[in-house]
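Per Swiss-Prot, the features are as follows:
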BINDING   12-18, 40-42, 304, 330-332, 412-414  GTP binding site
BINDING   13, 14, 15, 16, 38, 39, 40, 41, 128, 142, 223, 238, 302  IMP binding site
BINDING   13, 40  Mg(2+) binding site
ACT_SITE  13  active site, proton acceptor
ACT_SITE  41  active site, proton donor
BINDING   298, 299, 300, 301, 302, 303, 304  substrate binding site
């Protein structure tokens, strides 16, 4: 039995969906612990592409329970669309469960999110406009509506009538927007409730019971370490905690019940939206990585900013998350390059810095210090064992592992499940502190 957290080690979009899908075959339960429809993951199975935002990747395995935890925020319309999408492919959704403590994204959240971002002007954050931040803000203000309220008609009507009237003042007076009709919102969300009611449970208790039964549980994070509200490049972050610690808070599971943490990082670096990005390549290399890697957001469709691998970020993610091992994705994107650069440290106003700085302002002053490695001509997409990889590709992976002081357990060479090298069982080994071998 193992309880394992999968986290993003960069700015999100690292390929967590594929890695979680790969590991889900060994899991009895897959749990999503934070975020909302602002994060998307793509899974390719037998040529079929699944693009999901809220439903855990484990839904593709009929014997796996899928739980959406209390740390998430739920857009009922979107999750119903995803249920329809999955069911249309002949996949049962009876194994999907949603925490009654998860908060609900409402129409006014989306309106405020978009209007607020527009109002920021040059100081915009790069929000997806899906209402995530305002939903979490209401959670903190203790004015939010939870899933347990959604499925209670009388409670839902009472909360919506009060909250919509309150939010209308903000919409009209602050943002010059048209007010919402409380009755229309009530009717819309009552319909959502009818569809979602069978899925709403006490998720913390469900997970605890699974742990007592010694079932294998996979905790699936959204976004990445550097988008964490507390530990990311604030204010260019999300409104929740994607780091490993967020899994405990976002599911109601004690930290002593977690056995392992697996990080996921691309063989290069990307980010979406605003904020400092030391290794960003604003030249033909950046364009090449974007084109080869199909670097466009699952949620927004926005082009991702691309650059070389940043080992300073990698070391930080290993430390913050207590990472046991790492999966490196999209190694194949680097095929054919004459040389490959890796950021080993920063130059911060003339001083060498090997540790990630504590603020976005400091990070914006950092310039990458690169180590240049030889590339490889051969294609890696059909490699299924380490021995199949070009020597230079193997050396590259070893170099990354040594820089970050973390073993690499999985290497992904494409979007499909079979395009993967499993170096060692990422759930039961290797142990933290060992290097790539």
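Quick reminder: no glycine exception, Cβ is built from N, Cα and C everywhere.
With all protein chains in the displayed structure included, the most crowded Cβ environment within 10 Å among the binding-site residues 18, 303, 304 is that of 18. Ranked by Cβ neighbours within 10 A across all protein chains shown, the binding-site residues 331, 413 are led by 413.
Neighbour counts of Cβ atoms within 10 Å were compared across the binding-site residues 15, 40; the minimum falls on 40. Cβ neighbours within 10 Å of residue 302 (IMP binding site), excluding its own Cβ and spanning all shown chains: 13. Comparing Cα positions, residue 42 (GTP binding site) lies closest to 223 out of the binding-site residues 128, 223, 302, 303, 304. When the alpha carbons of residue 304 (substrate binding site) and residue 13 (IMP binding site) are compared, the span between them is 9 angstrom.
Minimal Cβ crowding within 10 Å, among the binding-site residues 38, 128, 223, is found at 128. Of all the binding-site residues in the list 40, 301, 302, 303, the shortest Cα-Cα distance to residue 12 (GTP binding site) is found for 40. In the three-state DSSP classification, residue 13 (IMP binding site) falls within coil.
Note: the Cα of residue 15 (GTP binding site) and the Cα of residue 40 (IMP binding site) are spaced 10 Å from each other.
Comparing local CB density within 10 A for the binding-site residues 12, 301, the maximum falls on 12. Here the Cα atom of residue 413 (GTP binding site) is found 20 Å from that of residue 40 (IMP binding site). Residue 303 (substrate binding site) falls within a strand segment according to DSSP. Checking each of the binding-site residues 13, 40, 223, 301, 302 against residue 331 (GTP binding site) by C-alpha distance, the shortest gap belongs to 13.
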